[in-house]
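One structure is given below, encoded as structure tokens.
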Amino acid sequence: MSMPVPQVVEVFAPAKINLTLHVTGQRPDGYHLLDSLVAFADVGDVLRLEPADVWQMKTVGPEAEAVPDGAENLVLKAAALLDGAPKAAFTLTKNLPVASGIGGGSADAAAAFRGLCAATPHHDPNNIDTQRRLLSLGADIPMCLHCVTARITGIGEEITPVAQFPALHAVLINPRVAVSTPAVFKAMKQRNNPPMPDIPPESCDVKDLVEWLRAQRNDMQEAATTLEPAIATVQAALEGHRACQLARMSGSGATCFGLFHTAQAAQQAARDLSRDYPQWWIRPTQLGSQAERAVPRLS
């Protein structure tokens, strides 16, 4: 019988942003092969773990209504995969829209795993077997464990960190539509696309990086836009802002990101677009590694 977590733990679960997403094939088991440059935002959900005799789950916050309850919740599914995990009462403050292409549910599952491992040091978050089991819950979960800028290959399990990646100032927009990842994959016309070229060297500045990103793709965007035309409206709104350097969809959508030269420009764009589209979820952010912020805090 496992004991409750010995302390209160709070974990930040940052949004995951696919700066690029090349779909390069499909395995016989149906999983798609990816080649993606991923960064993490300084906006996200917050998961709190408190001692309990049985697993408990409560969701609060502005996006709580759309989160599934009970056994279908990814937080509880991830916790159940950790052998002998201490019991906890989870409180998830849900700030990210669900089914939005920015890894919200996967980030929450990874946060639960990190929190439980921090509360019981004999559990290793880098255990390969456990990470493999987490992958069965979602291809984004392993990358969300580390929260570092990385090149992601395979089906999501091959993670190559990108050192000294420059901070990118961005605006995230979701048009308040949920998109099914399996539906987008099903709608794709081409699954065997070219992989990414080499990522620019560490000495690359932001201007050169944006130029390189402009030459890359999100191979899921066309299919996602066919299913949800609002994605095209979001991208056009971002591209129409005078300061936007690049706009693209993240993941399977419907969230898009726009890159801006400075934090001030991103904040101004967020204000302008929020005024023009008050029904959308819009956040200014900085993209890069969030590994330090994602470290669980014990109290």
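The backbone N, Cα and C atoms fix where each Cβ goes, and this holds for glycine too.
Here is what Swiss-Prot says about this protein:
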type: ACT_SITE; residues: Lys16; note: active site
type: BINDING; residues: Pro97, Val98, Ala99, Ser100, Gly101, Ile102, Gly103, Gly104, Gly105, Ser106, Ala107; note: ATP binding site
type: ACT_SITE; residues: Asp140; note: active site
Same-chain residues at least 6 apart in sequence whose Cβ lies under 8 Å from Gly105 (ATP binding site): Leu74, Val98, Gly138
Binding-site residues listed as Pro97, Gly101, Gly103, least Cβ neighbours within 10 Å: Pro97
Among Ala99, Ala107, the one of these binding-site residues whose Cβ has the fewest neighbouring Cβ atoms within 10 Å: Ala99
Rounded to the nearest Å - Cα separation of Pro97 (ATP binding site) and Asp140 (active site): 16
Inter-residue C-alpha distance, Lys16 (active site) and Ala107 (ATP binding site) (nearest angstrom): 8
C-beta crowding around Asp140 (active site), within 10 angstroms: 25
Pro97, Val98, Ala99, Ser100, Gly101, Ile102, Gly103, Gly104, Gly105, Ser106, Ala107 excluded, remaining Cβ within 8 Å of their centroid (ATP): Ala15, Lys16, Leu96, Gly251, Thr255
DSSP three-state assignment (helix, strand or coil) for Pro97 (ATP binding site): coil
Three-class DSSP secondary structure - Gly103 (ATP binding site): coil
Neighbour count (Cβ, 10 Å) for Lys16 (active site): 28
Asp140 (active site) versus binding-site residues Ala99, Gly101, Gly103 - nearest by Cα: Gly103
